[in-house]
Amino acid sequence: MKCIVGLGNPGAKYTNTRHNIGFLAIDALAKEHGIKLTESKFKAVFGTGMIKGERVVLVKPLTYMNLSGEAVRPLLDFYKIAVEDVLVIYDDLDLPLEKMRLRSKGSAGGHNGVKSLIQHLGTQDIKRLKLGVGRPPAPIQVIDWVLMPFAKSEQTTLQHVLSDSVNIATDFIDTPFLALMNRYN
């Protein structure tokens, strides 16, 4: 069984913000594969289904971003999913909106949601799909930028990014991660 986690913040005011691009990616993936995110426990909303013949759980933690690990750890324990079978999708300030990058491990890189996952999962060896949201233009502060909705002028690019993230997450199910990185990075 595989687990794909999108990081974000719960609540309507965060719905289409840059920090919630991980949630947007999970919603797009769920829609593509007909998986309903109707389960609600372990401080998360999630759904299970089949992708490429493999059972998969798609997860959106309902903790705030900085506590994401509190939702993911118990869910992995419940389903007996190994950390190496997890892909985490989240926003990255250091990549422009149209860019994305796969990584098999590493530090949190200043991302508090990833920091929480590393802390609760006990390893930095967490597979990730980082979706670029870009750096804020001056004088906008980072905290304000990531909590801003995407501009109308960014919507077409955002839809392409979400479509690409669906393809990558789908291929994660049956493709060795090194091959996945070679294909998409």
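The backbone N, Cα and C atoms fix where each Cβ goes, and this holds for glycine too.
Taken from Swiss-Prot as is:
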SITE      N9  site 'Discriminates between blocked and unblocked aminoacyl-tRNA'
BINDING   Y14, Y64, N66, N112  tRNA binding site
ACT_SITE  H19  active site, proton acceptor
SITE      D91  site 'Stabilizes the basic form of H active site to accept a proton'
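Structure coloured by features recorded in Swiss-Prot.
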{"residue": "N9", "record": "site 'Discriminates between blocked and unblocked aminoacyl-tRNA'", "DSSP class": "coil"}
{"residue": "Y14", "record": "tRNA binding site", "DSSP class": "helix"}
{"residue": "H19", "record": "active site, proton acceptor", "DSSP class": "helix"}
{"residue": "Y64", "record": "tRNA binding site", "DSSP class": "coil"}
{"residue": "D91", "record": "site 'Stabilizes the basic form of H active site to accept a proton'", "DSSP class": "strand"}
{"residue": "N112", "record": "tRNA binding site", "DSSP class": "helix"}
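Cα-Cα distances to N9 (site 'Discriminates between blocked and unblocked aminoacyl-tRNA') place H19, Y64, N66 within 10 Å, out of the recorded positions H19, Y64, N66, N112.
Shown in sequence order, N9, H19, T63, M65, L67, S68, G113 are the same-chain residues outside Y14, Y64, N66, N112 whose Cβ sits within 8 Å of the Cβ centre of the tRNA site.
Binding of tRNA is attributed in the record to Y14, Y64, N66, N112, and the widest Cα separation among these residues amounts to 16 Å. Around the Cβ of N66 (tRNA binding site), the number of neighbouring Cβ atoms within 10 Å comes to 13.
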